[in-house]
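Below you'll find the structure, written out as structure tokens, and then a few comments.
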Amino acid sequence: MVRKFLIIWSGQLLSTIGSNMTNFALTIWAWEKTGTATALAFISFAFLAPTLITGLFMGIIVDRFERKLLVILGDIITGTVSVILLLIYTFSSLEIWHIYLLIAITSPFSQLQSLASETITADLVTPENYIRAGSLTSILNYGSQIVAPALAGFLYPIISLTGILFIDLFTLILAIFTVIITPIKEKKIKLHSNKITDNLTEIFIYLKENKYFLTIITIEILFWFIHDIGGSIFKPLILSRTDGNTFILGSISASAGIGGVMGGLIITFWGKIKNRFKGFIIGIMGASICKLIFGFGQSILIWLPLQFCSSLNFPLIYSTRQGLYLDLIPSNLQGRIFAFSSWLRLGVGAISALLGGILADRIFEPWMMTDNIFSPLFGTQKGAGMSLLYVLCSVGMFFVGLWGWYSRKRMRN
């Protein structure tokens, strides 16, 4: 693994922990302030909505300008917004709408930083290390999900939102410093046109001319669409099956984080995946099988190990996907294709979240309250309908993987 990548990665790890601590603390503050789930949902919406509008244009920017500078710019804007938030809170005038507005401002620049970080990987590591770089990125995400809530939950009563914001700013400064001190030789990128419409059209021309990559992105989006339907009912499923036991829910979430970190470490130290597409499909099918068994479970003895095993597969999915993207996409298109994929992912995620709630509340839960063919497997108590829906989503994900496996053989022939 190239030393330059590890230096930047370590800074981004600290910054991600700091950012997630702030997100967690803001969630607590918003709940204390309003006591409504709607307020918390609007925080997520405030982050999501701007990226759906600006996503593709951020990809064009990443392909036009020096990516190292864009990483720094994204961090600086995020830091500036944190300072504004800190000042407003210090003077005791923070309102919930301030948070919505500031998150909406930060969102596009956060995406810009993320896209620039992903695409700059090709300038920091050799192609044979793309998989390891991707697995380290997954460790960054999963690790911060474990550490940040625990730290923020412990520190918030002691140092309040002010202290959490100071920690966030400190880690952000460290991340910016690691990028500044790291020399990066970026490939010179020249776009064929300066027109935005031409730049966007090139995405679809590339997809039309590259059936192999089109297959990859189709499999990816179908997988996440079905996955996120199940993901949207994951917490309600556990809470309804355990009579609202938040300790069990927290334990299962922690096992997911630990599984993700372990999976990332295995790939980082192993790192030799010759057929990346095959690894991508195996990861999808492995996660689907684990989630399928999880859906049949009705106790923590089943849920904990299955959630751990399921999460072991996601670093494989992410790292092989990133390796395929960096291998197949020309440098002058990487920003736009990564942005297009992210844009699709966010869009289907929003639709899936809506569908999951409607299907669970309006169809599956009422149906499973009465005896039917599935009652011996799932019961008729609260949560049975969501369990059935979760299992069906897992079956759907598995068939997406199976189709991908068949497509691989067909393309090879």
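Cβ atoms are placed via backbone N, Cα and C, with glycine included.
Confidence over the domain 'Major facilitator superfamily (MFS) profile' (1-186), given as mean pLDDT on the 0 to 100 scale, stands at 83. Annotation source TrEMBL lists domain 'Major facilitator superfamily (MFS) profile' at 1-186.
Per TrEMBL, transmembrane segment is recorded for 7-31 (among others). Counting only same-chain residues 6+ beyond the ends of the transmembrane segment (7-31), those with a CB under 8 A from a CB of the stretch are 39-40, 43, 75, 78, 82, 94, 96, 99, 117, 124, 136-137, 140-141, 143-145, 147-149, 151-153, 155-156, 161, 164-165, 167-172, 174-179, 181-182.
Annotation comment: TrEMBL describes 37-62 (among others) as transmembrane segment.
The transmembrane segment annotation in TrEMBL covers 69-91 (among others).
Feature annotation from TrEMBL assigns transmembrane segment to 154-181 (among others).
Taken from TrEMBL, the feature transmembrane segment applies to 212-234 (among others).
Same-chain neighbours of the transmembrane segment (246-270): 1, 131-132, 134-136, 138-139, 141-143, 145-146, 235, 238-239, 300, 303-305, 307-316, 319, counting only residues six or more beyond its ends whose CB sits under 8 Å from a CB of the stretch. Summarising the annotation, TrEMBL assigns transmembrane segment to 246-270 (among others).
If you look at the transmembrane segment (343-364), the same-chain residues 6 or more away from its ends with a CB under 8 A from one of its CBs are 48, 51-52, 55-56, 217, 220-221, 224-233, 236, 385-386, 388-389. The annotation transmembrane segment is assigned in TrEMBL to 343-364 (among others).
Positions annotated as transmembrane segment by TrEMBL: 384-406 (among others).
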Subject >> Long-range neighbours of the transmembrane segment (154-181), counting only residues six or more past its ends (CB under 8 A) >> reply: 7-8, 10-12, 14-15, 17-19, 21-22, 24-26, 28-29, 68, 71-72, 75-76, 78-79, 82-83, 85-86, 89-90
